[in-house]
Amino acid sequence: MEAVPRMPMIWLDLKEAGEFAFNAAVKKSAVSVPRDFEGCSTLRKYLGQLHFLQSRIPMGSGQDAAVPVTWTEIFSGKAVTHEDIKYEQACVLYNLGALHSMLGAMDKRVSEECAAGAFTYLRDHFPHSYSVDMSHQILSLNINLMLGQAQECLLEKSMLDNRKSFLVARISAQVVDYYKEACRALENSETASLLGKIQKDWKKLVQMKIYYFAAVAHLHMGKQAEEQQKFGERVIYFQSALDKLNEAIKLAKGQPETVQEALRFTMDVIGGKYNSAKKDNDFIYHEAVPALDTLQSVKGAPLVKALPVNPTDPAVTGPDIFAKLVPMAAHEASSLYSEEKAKLLRDVMAKIEAKNEVLDQFMDSMQLDPDTVDNLDMYNHIPPVLMEKCAALSVRPDTVRNLVQSMQVLSGVFTDVEASLKEIRDLLEEDEAQERKLQELLGRVPPAPGSPPGLAEVSKECSKYLELHEKASFTNTELHRAMNLHLGNLRLLGGPLEQVRAALPAPSLSEDDKQVLQNLKRILGKVQEMRDQRTSLEQQLREMIQKDDITTSLVTTDRSEMKKLFEEQLKKYDQLKVYLEQNLAAQENVLKALTDANVKYAAVRKALAEVEHKWNTTVQTLVASYEAYEDLMKKSQEGKDFYTDLEGKAAKLLERARAACQASEAHRQQLLERELKKQPPPRPTAPKPPLQKKPLDEAGGPEAAELGSLVLSELPEELRSLPPELLPGPLGQLPPPALAALA
C-alpha cells in the first residue's frame, strides 16, 4: 500500500476584504497575501497587531472608536459589515486557516494541523454571528476536515515507513472517525443550507473516504492477523476491507482520475490478499471464520492535533506598534484576569477529564454498547447476505442435482482407473511369482538372452500411474468430503425461506430475563444522559469565559482594587460550577447501579452471546456452502478430466501388460524345454530281470521304490528336484509316494 496514489484533499477559499478605515498600506498587505507560507506569516503578524490595537482602543462592537469592517461571505458572495474590530480579526484568522488548508492540499501535504488550529481558535474565541462561513457548525466542520486530512497525511507517511500493521490500522481508523464527524456536520440540514451546492461535492468525497480508509484499516488488521497466524480472522478482515472498498468505489463516481487510480490500486492489493487468504484457509488451514462484530473493534489513534494559535507571540507578530497608545496597566490587568479565567477553566476541566477517564475505562471494561446490548430484532429476519444466496439458488433449481451427478461421474471414472491399475499390478506380481518359481526349479537364475521385452517398461509406467492415482485419491476424498459437507446446506438454501429461517438459531428469554435487559438499557441511558449534560455544561462554561471581557471596568478601577474586582467577576461562574459538581458526583451512584445491573445481566448476556455466535456461525456456514458450489463444480470437472485421461492411459497399459506377461510365460516354457534337452543320455547298465508290472496306484510298494532308485540314479543331479509334471518319460507318470521315495 506504500505505493498507492494519493487521494485529493479539500481546501477552502479565502475571504475577500472590503471597507475598513485603517492604514491603506497595512490593509493591502494583509488582504492580498501570496498563496504560500510567507502569506501565512503576513496574516499572523497582522492578526497580532490587530489584537494589540483592540486591547488599547475601544474599537469593539458598540464602543466609541468602532469603525465599519466589511468582508465578503464565501458561500453567498455577499458583503457583510460589522462595526467591530474583532470581526476583522476573525476574518483574518479564517483566511489563515483557509490558506493553510490550501497549502496542505498541495503535494507537500503539511499545514493541516495549522489550519485546524486557526479554525479552533476562531471557534472558541470569537462570536459565531458575524457571517455564515464563520458559524459554529461550519467551523466545526472545517476543524474535523483539517484534522482528518492531517491524520491522512500521517497515514501516508506511516505506510511509506512500513510501520507495524496494527499501528497503521489505528491511524487509518482515526482518519475514519474524523471524517465521520465531518460527514455528520455535512448531513446537518442547517449546515447543508449554509454551504449550498458545495455541500454535495464535499459530502460525496468525505463519504467515499470514510469507506476507503475503513478498508485500509481492516486491510492492515488482516495483515496483523496474518502475522499472528490467525487465518480465520485474516479472511474476515480482508473480506470486510473488500466490502468497504466496493462501497467506496460506488461513491467515487464522478471523482477525478487520481481517485479512480487510487481505488484501482487498492482493489488490486485487497482483492489479491482476500483471494489468497480465503483459498489458503479453505484448503490448508480450515480455521473457522469469525463474525466481524465478534472481533475487537479498531480504535483510532489520534496522532494529530490542532496547533494552538497565540496572537500575541512576539516571535510571530514582531514588535507591538501600538505599545504607547494605551496604558499598559489596563492591558496587564486584563491579561491577569484572563489568566484567572484560564485557571478556573483548567481546574474544572481537570475534574471533568478525571471523571471522564474513569467513566471511559469503566465502560470499556464492561463492554456494553447501548446500541447493541439488545439485538433481538435481528433474529426475526433472514440477513440480507443470506437472502441474496437464497435468491440466487431459486433461479438455479438444478444446483444440487448437478453437483451430485458430477461427483458420481467422477467416482465412476475413479473406480475404473483403480480397477485397471490393480489388474496390471496383479499381472506383474503373478509374472514375478512364476519367474521365482522357475529359478527355484532350476536352482539358478535362468539365462537372459531371448527374454521378452516390455515388462520393465510396463512396471515402471504402472508405478508412475499408481503414484499419480494415490496423490489424486487424497484430493478426490477431500473433494467428496467437502461435497458432503456443503450438500445439505445447498438443499436448505434452495428450499423455502421458512426452512432457512427455522434453521437459524434464535434466543429464548424468560420474562425475568427481559426485565433484566430493560433495566440495563435504562441505566445505560442514564449514563449517556449524564455524559450529554456534562458536555453541555462544559460548553456553556467555555462560551461564558470567552464572552467575559471586563476591559472597560479595568480602565476605571484602581490598581489596588483589581484583586477584589477579579473575585467579584469570577462569582458569575459559581452556578455553573455547582451544576458540574453535581453531575460529577452523580457518576459514582450511576456506575454502582450499572455494576449491579450488569451482574444480573451476566447470565442473559452469556446466553445471548452463545446464540449470536451460533447464529453468525450458521449464517457464515451457509454462505460458505453457497460460495463453495462453483469451486466444487470446477474441481470435480478437473478431476473428471484428469481421470478420463488416466483411464485411457491405464487401459492401453493393461493391454501391454497382458501381452508382455503372455510373452514372458512362453519364454519360460522355452527355457525349460532347452534345459531338459541339454541333459546327457542315460549310461548303459547290465540287464536287469524284468519287473512285475503293477498298477500305478500301488506304486508305494518295494517295486516302485526300486524303479524309482533305478531311474533316479540315471538322472543328472540338477534335474532330480524337478516336479513330476516337468520330468520326462516314466518318471512323469510316477505317483507322489513313489517320487517321495526317490528323494
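Even glycines carry a Cβ here, placed using N, Cα and C.
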Per TrEMBL, the range holding coiled coil, considering 464-491, 520-547: 520-547
Segment confidence, the coiled coil (520-547), expressed as mean pLDDT: 91
The compositional bias 'Basic and acidic residues' (665-678), counted residue by residue under DSSP: helix, strand, coil: 13 helix, 0 strand, 1 coil
